[in-house]
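Here's the structure we're looking at; comments come further down.
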Amino acid sequence: MAAANAPLSMKETLTLPSIGINPQFISFTHVTMESDKYICVRETAPQNSVVIIDMSMPMQPLRRPITADSALMNPNTRILALKAQLPGTTQDHLQIFNIEMKAKVKSYQMPEQVVFWKWISPQKLALVTQTAAYHWSIEGESEPVKMFERTANLANNQIINYKCDSNEKWLVLIGIAPGSSERPQLVKGNMQLFSVDQQRSQALEAHAASFATFKVPGNENPSTLISFATKTFNAGQITSKLHVIELGAQPGKPSFTKKQADLFFPPDFADDFPVSMQISQKYGLIYVITKQGLLFVYDLETATAVYRNRISPDPIFLTTEASSIGGFYAINRRGQVLLATVNEATIIPFISGQLNNLELAVNLAKRGNLPGAENLVVQRFQELFSQTKYKEAAELAAESPQGILRTPDTVAKFQSVPVQAGQTPPLLQYFGTLLTRGKLNAFESLELSRLVVNQNKKNLLENWLAEDKLECSEELGDLVKTVDNDLALKIYIKARATPKVVAAFAERKEFDKILIYSKQVGYTPDYLFLLQTILRTDPQGAVNFALMMSQMEGGCPVDYNTITDLFLQRNLIREATAFLLDVLKPNVPEHGYLQTKVLEINLVTFPNVADAILANGMFSHYDRPRIGQLCEKAGLYIRALQHYTELPDIKRVIVNTHAIEPQSLVEFFGTLSREWALECMKDLLMVNLRANLQIIVQTAKEYCEQLGVDACIKLFEQFKSYEGLYFFLGSYLSSSEDPDIHFKYIEAAAKTGQIKEVERVTRESNFYDAEKTKNFLMEAKLPDARPLINVCDRFGFVPDLTHYLYTNNMLRYIEGYVQKVNPGNAPLVVGQLLDDECPEDFIKGLILSVRSLLPVEPLVDECEKRNCLRLLTQFLEHLVSEGSQDVHVHNALGKIIIESNNNPEHFLTTNPYYDSRVVGKYCEKRDPTLAVVAYRRGQCDDELVNVTNKNSLFKLQARYVVERMDADLWEKVLNPDNEYRRQLIDQVVSTALPESKSPEQVSAAVKAFMTADLPHELIELLEKIVLQNSAFSGNFNLQNLLILTAIKADPSRVMDYINRLDNFDGPAVGEVAVEAQLYEEAFAIFKKFNLNVQAVNVLLDNLNSIDRAVEFAFRVEEDAVWSQVAKAQLRVGDVSEAIESFIRADDATQFLDVIKAAEDANVYQDLVRYLLMVRQKTKEPKVDSELIYAYAKIGGLGEIEEFILMPNVANLQNVGDRLYDEALYEAAKIIFAFISNWAKLAITLVKLQQFQGAVDAARKANSSKTWKEVCFACVDAEEFRLAQICGLNIIIQVDDLEEVSEYYQNRGCFSELISLMESGLGLERAHMGIFTELGVLYARYRPEKLMEHIKLFSTRLNIPKLIRACDEQQHWKELTYLYVQYDEFDNAATTIMNHSPEAWDHMQFKDIVVKVANVELYYKAVHFYLEEHPDLINDVLNVLALRVDHARVVDIMRKAGHLRLVKPYMVAVQSNNVAAVNEALNEIYVEEEDYDRLHAMETCSQSGDRELAEELLVYFIEQRKKECFAACLFVCYDVIRPDVALELAWINNMIDFAFPYLLQFIREYTGKVDELVKDKIEAMNQLKAKEEEEKDVVAQQNMYAQLLPLALPAPPMPGMGGSFAPPPPPPPMSGMGMPPMAPYGMPPMGSY
């Protein structure tokens, strides 16, 4: 059968190999297709990746590097599900990714392996394991839910499919297994059907199955069907069946009858079997697809075979439903993606003709709304109608395919049937059947509604319209309008009968809905007429309607001024105002006239409204001078002030303060300049000072910074307004620090009687001039002295205050000040009162009234200065009697007693509270001995020494100094600068010390003599005490002191003292002797006290006699002595002797110093002896480490090996490193080998030139650093084979690759490096860096291999890096290829054009240039081809035809002078109707005289250029092309001027060819004149009819009508605009032998 006539059509939509899919991956395990949207392919070579093919753009696959065992794309969205087995387990890890959002949606680790999985819905996955089936939702955090256990018949089966019905109530699992032993090549199919509701399974034999829904007649609920195909081998017979059964039949409802049919396999396909089944819900067809490519098509309802054919020569392993078109996709092993669809034009004729199954043909045509069964349906309808089976006929007509019977003829046929009594009319049966099936068409809806309206059953119409059963039309709306306007309006709206909808809204006065609806449907009504209509009945509604119009997109359709005039003509001032206030909110300059207008009309009529508008500040573009004048006339003075700009106008208005709100006036002053404001303020004060003072004060307060405080003060002072000055400065005072301001405020407050404020400011302010304020207040003589008290108290004018108050007899203020304000200043007050010769009784009373609050010291000072201390006797005694311990009280009382000589000694010795220094000072001139008593009592050392020196009281002074035992006092009196020192020493020696029995006092005196450096006097004294058998002869301290003093003052006596004295501190004195460099005396002391170590130290450190020290050590034989000797020997460099001494001392403590000294002296043999001794005493890593090092230095490799095998604590790693650093490589090798430090061993072997061993050690170390060191050493030694072994272990680390490459290249080893990298490609851990670095090396040193390398490994390269290398090395062809691989098509195209000799390839360039993002490259490509490959420019332009600006291309070619070169391209794009292309082609056609293709006339008509059109007429006349001349008149009718056309025709004898144009012109203009006359007559009639109404309007106009326009614009004339449609065009002209012209500019002509 020819493919065109086949009932199904097959189409290859894609081949997977064509988009880069390797054929080895085209298999069931690698390819998935869950819906008709995506194909997913899993690749495992050359690297693991997943390829996603979007069927809407299959040639742009998305390849991502992903490793997985399976990959599934979501049926609807770009969500990818991945499955991978966890290594070493039987568990699978499941992940779901959103590709667009690049985010993981969900993941889960299955405890068992998933053997099959599939998307069963866009939100759910089915997972099948070896034992059960699960459903896993991708929403939320839920885990997979177990649905059922697998039945036994599916054991050891390969699962090939899993499906569920639309409600997920029925599930089916399908598997295949090897065939029976009799026929093993026939694969066995098994199926498990599971009911979710019943939780029960049924095992069946089947290879393929699918679910479907079917609506059984008589059952309103759809039934769930399952269809499955089987092919079994029993008793040597092969049976192939297709079954269709209902699942879960509904009780009491009609059910689907079970169907089955045979599957007929040709003999050559005996072992073939079904692999898939798809069911088309659209057509009700079952598609069964077999492995070897057979397709069986069956009817779902009857299981009737429809079609069988082989659709693929290769095995099919995958299918999926294409639900939107009722077909399916199939993929075979060759990689073909086949699409099978129903051939709608041929399937019905095929079934009715080839299969001769008329019933199936009709049913399928009805079910799928398919053509081809028209005659059968009509014939059947006629038969039913003739048999009076009207119900069956109605059902057939309702279900007729493509509605072929739903016509007016069918309705008329049912109408013509006579109605039998008691029966439903056939017409109503027909309509009822249609309503149950769906929606009626327009004619059916009209006829049914006519019946219902006639029966007055409006509710049925409402129900049907609500259920969308009727198709709305304007005729239906007209019909329903007779019974229900609301319902008719709904119908008009649905039918989009716009004029009727607008008229209905107007009738309902729902004018706002007119605007909304008109905007929605794009209709433009006559807004002015609508507004006038609304205005007559509903002024407020008119306002709302006008506001709605103003908010329309594109602006208000009626001018604002016109709308305003409409309101004002009817004296609707408020409405006009409301409208203008709303529309003028934007406050733009072009609305200035309207802003002025709304303010004028309100200032004249409603001034308060105008005031509110101005207060709102919403306008700024009106006529301000005009509005200012009107405001003044209306009494809105503040508004007038705000609008006036001249000072005389402002001064004229501003004096009306009685009518201006004060705060507004104050705010207005803020808008004036400083000079104008001061002028206006002066005028206000001048007109009415008392009334306007408060305003001026408030203004000065608000704007004092702008006006200047001085200017404001000057203004008030000019009018002598202290009250104004007081109020003004009162507000400014807190923020000012100007003393003058504060003084003026005090002055103003005082002169206005504000005494309390004066008192407050003088008390709180810190800024007024105190002297000036004090003088002012004294001159003012205020009755209240508190302000003056504040000033004088705060600023130290208390004497002046006291004098003022006393002389003015204001004694109570003196008492008040002292008692309540500041008692601390009472001494000053008392002093001033004494100066003023105030009576003592008042003063005494004043003092006693304050008592304890009075400061005693300054009071005493004041009285003492005036010799009036006795005045205080009573006061002081009173304080003492109250228990006062105040030192000043007792000082004053003491002075009084001393002055009166009333037993002063008793007071000085018994009173504990007075200040000795103060009272002693007071006694000095009166009685020095009393002063000594006072000073002695207070230990006033300096004062006592001074007074005794001054009065030669040295005996008293000596006794005091000895008793004090104070070192500082001793230092002072024994100071050589003290001229009285000799007298004092004599008294101390002769009197004070002999009298003393205190050792402490003696000791203090001795120390003082020592400190004062008086050794000779001290020695004589001590010899007398210590050596002459006194009480202090055996005193330990004095013996020490005597020897020490002799050491310091007379060293010759020291040795004698050492021999004679025994009770002294030997160690301490010995150390002092050493410090005094008396080394022999020190040695004698240490020997006397058996201090051998100190003695030997003196020999060694001070006498520098090692020989005497050695001799002394042999004599005493102490280890400590030998240690000191050893240390000394070590210090002077006698290392061997020192080591011998350390051994004799058995001292291991100095091993660090010994080791260092031995190493410096290179005496490692002695060091070995010493370290062996040390090891016996301590286990120190340093000792063992140094012993190994010493062995190495003396060549004892055998001793090293023996030592490290013995227990030791040596730090072998550090020892090895040290040996390595000092080039002792053989010893280091022993150490590193013993501790298995392979890395160090490797580099040590490198130093020993043992490279093979170094490589072996590096292999054990397996460290990148070690590999690099060995590798680089091998390279330097040209051991390239070993270097490569190392290098392969380095380059697998990305971070080290570049370092290895640079090392090789720096030494010129290019071939060896390339060989290393090539070997690295085969490594299991080979990474992108190796492939990239090899590419870079090829680019630099082996360019002939570069392209092959790039093509082989393009997916494993770091393309940006290789791009830079190719660019540097100028490999343009390879660079282009890399840019393409990296999707940088702009750079690829640029490279090709810039380096075309090497990089250009025409086919490649075409593929690249269409993908560039920079559109400028398109035009650069045009220039490029024009210059280098002009023969191929059309080919490139055809590729770019959909992307370039054709006009710009033409312009480029025109400027280049090669327009003809791209003629084929321009012809190809001429269909786009680009003017520049048309003009260019026309130029070429004119030059080539190709008039058949010339489009000049159309171009001229479209351009609208009159001169161009007339030039074209002249051209046709010059060429004598009369027919073209006539045609041009028609085509360019709107452009050509009639006089020019007739003149050219008449002059050139072509009047006959211009006559049709002339007739049409006359016909058009006469028609327009007739319409104008008609419209004029109608307009006059309308004006007469409205004359009475206009008179009423005129009568209502008031005195302000002069503000309005004289008349409104006349309403539009019929035919001249508005909502009137233009007259219909006359029928087209025929005759004259001319072909019909395209309707470009000239309207069709009529006939007379």
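Including glycine, each Cβ sits where the backbone N, Cα and C put it.
TrEMBL: automatically predicted annotations, no manual curation.
Taken from TrEMBL, the feature domain 'Clathrin heavy chain linker core motif' covers 344-367. The annotation repeat 'CHCR' is assigned in TrEMBL to 551-697, 700-842, 847-986, 993-1138, 1142-1283, 1288-1434. Summarising the annotation, TrEMBL assigns coiled coil to 1569-1597.
For the domain 'Clathrin heavy chain linker core motif' (344-367), same-chain residues at least 6 beyond its ends with a Cβ under 8 Å from one of its own Cβ atoms are 4-8, 283-284, 299, 301-302, 304, 306-307, 373, 376-377, 380, 399-401. The residues of the repeat 'CHCR' (847-986), classed with DSSP into helix (H, G, I), strand (E, B) and coil, number 105 helix, 0 strand, 35 coil.
Assigned with DSSP, the residues of the repeat 'CHCR' (700-842) fall into helix, strand and coil as follows: 112 helix, 0 strand, 31 coil. Confidence annotation: the repeat 'CHCR' (551-697) carries a mean pLDDT of 81 in the model. Counting residue by residue with DSSP, the repeat 'CHCR' (551-697) contains 107 helix, 0 strand, 40 coil. Look at the repeat 'CHCR' (1142-1283): DSSP puts its residues at 109 helix, 0 strand, 33 coil.
Residue counts for the repeat 'CHCR' (1288-1434) by DSSP state, with H, G and I taken as helix and E and B as strand, are 115 helix, 0 strand, 32 coil. Per DSSP, the secondary structure of the repeat 'CHCR' (993-1138) breaks down as 111 helix, 0 strand, 35 coil.
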